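TrEMBL has this to say about the protein:
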{"type": "DOMAIN", "residues": "1-29", "note": "domain 'Fibronectin type-III'"}
{"type": "DOMAIN", "residues": "35-128", "note": "domain 'Fibronectin type-III'"}
{"type": "DOMAIN", "residues": "131-233", "note": "domain 'Fibronectin type-III'"}
{"type": "DOMAIN", "residues": "236-333", "note": "domain 'Fibronectin type-III'"}
{"type": "DOMAIN", "residues": "322-425", "note": "domain 'Ig-like'"}
{"type": "DOMAIN", "residues": "554-593", "note": "domain 'Ig-like'"}
{"type": "DOMAIN", "residues": "643-739", "note": "domain 'Ig-like'"}
{"type": "DOMAIN", "residues": "778-813", "note": "domain 'Ig-like'"}
Amino acid sequence: QYQFRVLSANIYGNSEPSEPTGPIQTQELKGVPSAPGQVIATRETDTSVLIQWAPPKEPNNLIGYYIDQCVKGSKDWMSANHKPHNSTKFVVSGLTKGETYVFRVQAINELGLSEESQESAPITVKAALTPPSAPYDISLLSCDGHSMLLTWKKPLLSGGSNIKEYYVDKRRSGTTMWREVHIPPISERVYKVEGLTEGAVYQFQVYAANLAGLGPASKHSDDFACEGWTMPEPGPAYDLSLTEVRDHSMVVEWKKPVYTGSGPVTGYHVEYCKTGTSEWTTATETAVHQRFFKVTGLEEGVNYEFRVRGVNDAGVGMVSMPSDPMTAKALAGSQEVSCTVDKKTGDIVLSFESCVMNQESQFIWKKDYKEITDFSKGVVVKTEGNTSKLIFKNAEKEDFGVYSVSVTNTDGVSSSYGIYSEEMTKMLALSYDIRHPIIPLKAELAYKILERGRVRFWLQAEEISPNVTYKFFANNKELSGADPNKMGHDVSTGIIEFILDHFTEENEGTFTCQITDGGGKAQSSLVLIGDTFKAALSEADYQRREYIRVKEGPHFSEFLSLQVGDDCSVTLVCKVANLKKESEFHWFKEDAEIIPDVKPDLGSGVCKLPIKLKKTNKNKCSQKLLDKFGKKQNFLLLSEQRSQVTRQQISRASAAELVINCTATGIQLQCHMKYYTSEMNITWYHGETKLLHSDKFKIGGTPSMATMEVIEPTEKDQGTYSIVIVDPENSHKRTLNLSGEVYEKAHAEFLQLKMQAYAEKNRGKVVGGLPDVVTIMEKKTLSLTCTVCGDPKPQVSWLKSGGKVQLMNHFSV
C-alpha cells in the first residue's frame, strides 16, 4: 500500500506538501485472457451441434466467450453468438444437414479478445440419434429338450448409431405375460435360452438398443416346441447375406448349422425363388463345400429370396430362414475388383474403387469370404479416398482363391476377383521377371588370342550404364583384373572384356561373366575343353613364341620392385638377362635421369637404386636398357598403395613395444614406428576378438605411431591387447597385458584426467562483455549487463576503475 502527496515549485523554491492521500493498494497489471483450450463438437440435432471447450489458463477478469463457425474447406468464419457467452458449452443452431463444420472459440475481458483457440475436429451435421427398429425373423437353430438356441436378423434401421445390446423375452404359447430370459443384455445375435420345460411350447421376442435407447420389440416368433432334436440330418444354416449384387447374379453367404445331426456337414444346396412365389429353384447341381455361392442366370430388376440346406451322410437337412428380398440390379456406377502386377515393384495388387462412400465407411477384404486379419505374411491393405488396394509383397502359389471386398455403411457396395492356380503361377512368373530383370546381350561370351599369347574374353550387352559392375570366373574361381591381367568396359558399345595374361593348361574348363547394372542382371558362359581348348592353347603358345623371337635380345627377367632391408632401408631392384658388352643402364625419375652410387652388376644383371620413401610418393621411376638392338624400358609406379605396402614392411621392422598413455576419455595403447598411415594393413585385437573403430574403441595414429584407445574403460575391458602388422610376406605382432595392477594404475590416471577435464570444461567464464563505449546521462539510471555461466554457480564481482564496487544506495547488483 502507498500514500501520495504533491508539492508545487517556482523560482523561489518548493511549497509545503499537500495532505497525503489515503492508503492505495497496488494491483498486478492484467492483459487480455489467454486462448481457450481444446474445442470438442458433438452432434445435437439435424440442424445443431453442441460445442464444449476448456477455459483459458489465464482468464484475467474474463467476461465471456465468442464462438465462430466455418464450413470445412472454406475460410468464411461466421460468429455464432452476438454477445459474450459466459459458459463453456454452447449449442450452435441453424446448421445445414449433411454439411461438415469446424468451430473455434475466443475469450474476452475489458481489454479485448484473446487469440483464437485451436479449431475443433470436423463434424458432419446428421439426423439426431434414435432408437433402432425392431429385430425380425427369429429362428430356432437347435433344441436339446431343456434349452433352445435362437438367432434373429438385426434391425433394418440402426438409428444412426451402432447397435450395442439385445434383450430376449419368452412366454408360454397361449399366455400373455412376457419374461426376460437374461440379465445383463447380450451383444451377439445367437443366444441359448436355458431352463425350459421339456415338451412345453414357447414364443420369443427380441429388443435392440443403441446409444439413444431401447427400440420396439420384434414380432414374436413362431411356436417352438421344447423337444430334443434327434434327426440324423443337419439343422438349418443361418445368417444369410447377399453381396456383389449385379443385373444377373449375386453372391449368397451363410453360417454353418449348429446342429450337425449324425455326422459332419459335407456340403450345401442353395435355392432361390422370386419374391411373392413359392416355386424354389435349386441353384447348385451338386452340393458345394464352401459357405458361399454365386447364383447366376437371374432376371434383371426382379426381386429374389434365397435359402440354404446343409447335407451330411444321412441326407439333406432343415431349410434355413429365407434371406431378405433383393433386386437383381447393379448399383449405379459400381466397379469390379482389378488384379495387376506392379511394373516397378513386382507386387501383385488387387484394387477396388467404391462408387459410394460416407464418413464412417470402411473397406473389408476377405479371402474365400472370410475376413483377412493375418497381415504377417506380407499382405498389406492401403486405402486412399474411395480406393482400396490389397497388396501381396511376397505372394506364393498357395495364395490363390476368391478375394472379395465390401464397403460398410453403403447400400451393399461389394465386388470379388477369383485368382486361380494357373493365373497365380503366371503372375508369380511375371513378378519374378520384374524383380529380377535380365540385361539383354548382343553377343555371348567369346574369346580371341592376342599378341604374346594373351587371351581376350569379351561379350556385348544391348546397353550398360556407367554404374555397371561385373565379374569373370574360371571354373567357379573369380579372376583378378589386376596387373598383368586387365578388365574393362565401354559404355558406348556395351562391350565388357577381360584379358588373361597367362593362358596355360590349368585354364581348361568353363569361363563365366556375371553382370549387374541397377536392378538388372545377366550371365554368359564359354566352355573351353577338349579339342576347342587345345586349339586355343596352341594358338596362344605360338603367339608367345613369336613375340619372343621377334623381340629377341636383352630383356628384363625380373621387373622393378621395392626391397626393404633389415635396417629399414628401401631399394629399387631389377634383373636383366641376355646382356651384351655394349649394354647400358640408365635410371630416371619421371623424365630426369638419376646417377646411382652403385653401378649395375653386368655379370649377374642385378641393378639397384637406394631411395628414400616419403609419406606420399606418386612419382614414377623407370629404367632404360640400351644396346645395339635398340632400347627397352621398365617402369615402376610408386603409387600410394605400393608405398603403403612398403611402409608396412618398414613399420613391421621398426615397430616398438606397446606402451600405455592415459587421456581424459580413456586408456590409449601406442605403438611407435618409423612410418604410419591409417591405410596400413594394421589390426588391433582384444584377446582373440578383432577390434573395429567405434564409440568404444578409437583406432588411429600419428605419422610416427599407431594408437588404439579404450573409451570409458571398465573391469570388462581388462585383458591382453595386441597389434598385428601384415605385409605381403608375413605378419608381426606386439602384445600388452592390460590387467591387474597395470590396469588399476592406468584406470586411476584416466579418472584423474577425466575429473580435471570436467572441472576445466565447467569453469565459470564470461560469455558477454561490457560495452566498449557507454554514454552516461546525468540523473539517469545506467544498467550494465554481463551474462555468465558455469556449474557450480560462479561468484561474480563488479569493479570500477580496478577497485571493487561498494554496494550502496548508488549501486545495486
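Glycine residues also receive a Cβ, built from the backbone N, Cα and C atoms like all the rest.
Source: prediction; values computed, not measured.
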The domain 'Fibronectin type-III' (1-29) [mean pLDDT, rounded to integer]: 87
Secondary structure composition of the domain 'Fibronectin type-III' (1-29) [DSSP: H/G/I, E/B, coil]: 0 helix, 6 strand, 23 coil
Structural state census, the domain 'Fibronectin type-III' (35-128) (DSSP three-state): 0 helix, 39 strand, 55 coil
DSSP helix/strand/coil residue counts for the domain 'Fibronectin type-III' (131-233): 0 helix, 43 strand, 60 coil
